[in-house]
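Novice: Structure provided below as structure tokens; questions to follow.
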Amino acid sequence: MFNWRRSQLSCLCASTLAVFVMLALNVQGRPANISALKGKQPNSKEDNEILPPDHLNGVKMEMDGHLNKDFHQEVFLGKEMEEFEEDSEPRRNRKKLIEIFTKVDINKDRSVSAKEMQRWIMEKTEEHFQEAVRENKLSFRAVDPDGDGLVTWDEYRVKFLASKGLNEKEVAEKIKNNEELKVDEETQEVLESLKDRWFQADNPPADQLLNEEEFLSFLHPEHSRGMLRYMVKEIVRDLDQDGDGKLTLAEFISLPMGTVENQQAQDIDDDWVRERKKEFEEVIDANHDTIVTMEELEEYMDPMNEHNALNEAKQMIAVADENQNHNLELEEILKYSEYFTGSKLMDYARNVHEEF
């Protein structure tokens, strides 16, 4: 289970392990993503919306293999997460957290059980799913200008390159005439990755066209079992250094390329190793055989897996369960508000029972 109160000794162990990994392996950098291209100034808001997001709300791992550091808040707060991010006033956030507690506490016994938390996690995950569906409708319209409900790879490619600053009409004409497109190496690499992903999202019988549902899977692989499997394969491919299609602990915690130049960078590396080691050993490696298979990683990544939701509920409760009764009381959830919401409530203990 996750331990919110980390010991100082774990830092030393993580440092030692990090050094071992760097010496023992030909360490590869963390997998690349399309963030750099997203950082380029888009021509409009729609331009960024046609790119698959690096971050998937309610999914434990990012598209590039990083752990989702906001996962707990996402599955606890759902669409309310933005409200906590935008409003840093402790008293208002405290009131909102109390309101959430009352909603999670279905039987109104003033405590939250693992089953109640599991149900809540599934509800919040579904909220993220529905938000992705709504956003996808707008994104699909942006790449389907003729409104026929189907998008070809070439149509998408035109919109994508236009979002990178190329003239849309010129690009469309060159593609129509099979002329060479001159783009920088980074853009070409992303195009090739997107093309592979595009055809993976094309459900059988393959027609090289994506409808709105398939386009949703293209942007959000968590909505399709097949695309989730594809995402897992991509992550394993980027981390798997010996090519056996599985992940060892050493491969999973491989550090970024580069020499640690200062203490701050060393601390970042220590956190990287410690967090990934814990997640690998205690959560992802379901049968605890020290190897993570694609099947195990796929189960771990599936946001609608009820067994995962129950385990997550138990882990979240364990973080704040100071009286060890396997339930969460209001006082506990307020005290550990930073874990659940990302916001620290300095006055959590004041008048708890009165406001409740």
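Each residue, glycine too, has its Cβ placed from N, Cα and C.
Annotation comment: Swiss-Prot describes D321, N323, N325, N327, E332 as Ca(2+) 4 binding site, evidence class sequence analysis. For 92-127, the entry in Swiss-Prot reads domain 'EF-hand 1', with the evidence type sequence analysis. The annotation domain 'EF-hand 2' is assigned in Swiss-Prot to 131-166. Taken from Swiss-Prot, the feature domain 'EF-hand 3' covers 232-262. Feature annotation from Swiss-Prot assigns domain 'EF-hand 4' to 272-307. As annotated by Swiss-Prot, domain 'EF-hand 5' applies to 308-343, with the evidence given as sequence analysis. The N-linked glycosylation site annotation in Swiss-Prot covers N33. The signal peptide annotation in Swiss-Prot covers 1-29 and rests on sequence analysis.
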Novice: Given the recorded Ca(2+) 4 site (D321, N323, N325, N327, E332), which additional residues of the same chain have their Cβ within 8 Å of the Cβ centre, ordered by sequence?
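Specialist: Sorted by sequence, the hits are S111, I317, A320, E322, Q324, H326, L328, E329.
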Novice: Under the DSSP assignment, what numbers of helix, strand and coil residues are found in the domain 'EF-hand 5' (308-343)?
Specialist: 24 helix, 2 strand, 10 coil
Novice: Within the domain 'EF-hand 4' (272-307), count helix residues (DSSP H, G, I), strand residues (E, B) and coil residues, in that order.
Specialist: 23 helix, 2 strand, 11 coil
Novice: Starting from each candidate's C-beta and looking 10 angstroms out, tell me which of the binding-site residues N323, N325, N327 has the most other C-beta atoms.
Specialist: N327
Novice: Might you list, by sequence position, any residue in that chain lying six or more from D321 (Ca(2+) 4 binding site) with a Cβ less than 8 Å away from its Cβ?
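Specialist: Looking at Cβ-Cβ distances below 8 Å from D321 (Ca(2+) 4 binding site), excluding near sequence neighbours, one finds N327, L328, E332.
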Novice: Report, as a single number, how many Cβ atoms besides its own are within 10 Å of the Cβ of E332 (Ca(2+) 4 binding site).
Specialist: 21
